[in-house]
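Enquirer: Okay, so Swiss-Prot annotates it like this:
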type: DOMAIN; residues: 4-34; note: domain '4Fe-4S ferredoxin-type 1'
type: BINDING; residues: 13, 16, 19, 23, 73, 76, 81, 85, 106, 109, 112, 116; note: [4Fe-4S] cluster binding site
type: DOMAIN; residues: 64-95; note: domain '4Fe-4S ferredoxin-type 2'
type: DOMAIN; residues: 97-126; note: domain '4Fe-4S ferredoxin-type 3'
């Protein structure tokens, strides 16, 4: 069975939030094809997020690092949010493995959010239904779009190419190769949910930089023919 998913490279992500804003834009405008939900955020564009980027500082000062961690629905192969839904609103598509919510059936009971160990579901305070990442199901299944554009908006928007999209069950796909060759891992596999989304780990980069290289090559103060300061008053000494 096809299992579409995201692979996110934590070594490349710079935390710019382009994926977050593009997700908001796509899921509120619908400029290129029918949406599964015509207005997923209702009147408040700040309310519900399908995708978030969490930023952490790790290590002990002064040897610290900043880690940006994008997080959304992982489209698990064994999604715990599906069997707990009393109305059948939460379901997993058999053709591509994407986990979705039928808003017409959802009663906002939050059972799915309690069952999800990743905190990927949020209650839309205005529509009173649970919402989450859909992998831009309207884009990836829209035959009117070119193959290049049939990807989630967050993937297309990422300036660092930190987000990959494809079939993790296809061993020859871009995502499968990245997982295999670059040590891709699942988030909390001990829960037995078999998350389809994977992360590529951060890699330690060691380099030696000469102090001289930290100074801009076009810095005029590096010129040897500068006139020595005579001690006379200059504009820099004037209190404005």
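Just so it is clear, glycine is given a Cβ too, placed from its N, Cα and C backbone atoms.
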Enquirer: How about long-range neighbours of the domain '4Fe-4S ferredoxin-type 3' (97-126): same chain, 6 or more residues beyond its ends, C-beta under 8 Å?
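Expert: Those are 1-5, 36-37, 40-44, 47-49, 71-77, 79-82, 84-91, 132-135, 137, 187-188, 191, 193, 195-196, in sequence order.
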Enquirer: Once near-sequence residues are set aside, which residues in the chain of residue 13 ([4Fe-4S] cluster binding site), 6 or more away, have Cβ atoms under 8 Å from its Cβ?
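Expert: Long-range Cβ contacts: 53, 68, 69, 70, 160, 162.
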Enquirer: Roughly where does the domain '4Fe-4S ferredoxin-type 2' (64-95) sit in mean pLDDT, to the nearest integer?
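Expert: So the average pLDDT across the domain '4Fe-4S ferredoxin-type 2' (64-95) works out to 95.
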Enquirer: Counting only residues 6 or more past its boundaries, what in the same chain has a CB within less than 8 Å of a CB in the domain '4Fe-4S ferredoxin-type 1' (4-34)?
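Expert: Same-chain contacts beyond the ends: 40-41, 45, 49-53, 55, 66-70, 72, 74-75, 96-98, 133, 135-136, 138-140, 142, 144-145, 149, 152-168, 175, 178-179, 182, 184, 196-203.
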Enquirer: For a quick check of packing: other C-beta atoms within 10 Å of the C-beta of residue 73 ([4Fe-4S] cluster binding site), how many?
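Expert: A 10 Å sphere around the Cβ of residue 73 ([4Fe-4S] cluster binding site) contains 26 other Cβ atoms.
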Enquirer: Same chain only, sequence gap of 6 or more: which residues have a CB within under 8 Å of the CB of residue 106 ([4Fe-4S] cluster binding site)?
Expert: 87, 89, 90, 129, 130
Enquirer: Is it possible to list how many residues within the domain '4Fe-4S ferredoxin-type 3' (97-126) are helical, extended or coil according to DSSP?
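Expert: Summed by class, the stretch gives 5 helix, 6 strand, 19 coil.
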Enquirer: Reduced to three states, what secondary structure does DSSP give residue 73 ([4Fe-4S] cluster binding site)?
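Expert: Once the DSSP labels are grouped into three classes, residue 73 ([4Fe-4S] cluster binding site) ends up as coil.
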Enquirer: By DSSP, what is the split of the domain '4Fe-4S ferredoxin-type 1' (4-34) into helix, strand and coil residues?
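Expert: Here the numbers are 12 helix, 6 strand, 13 coil.
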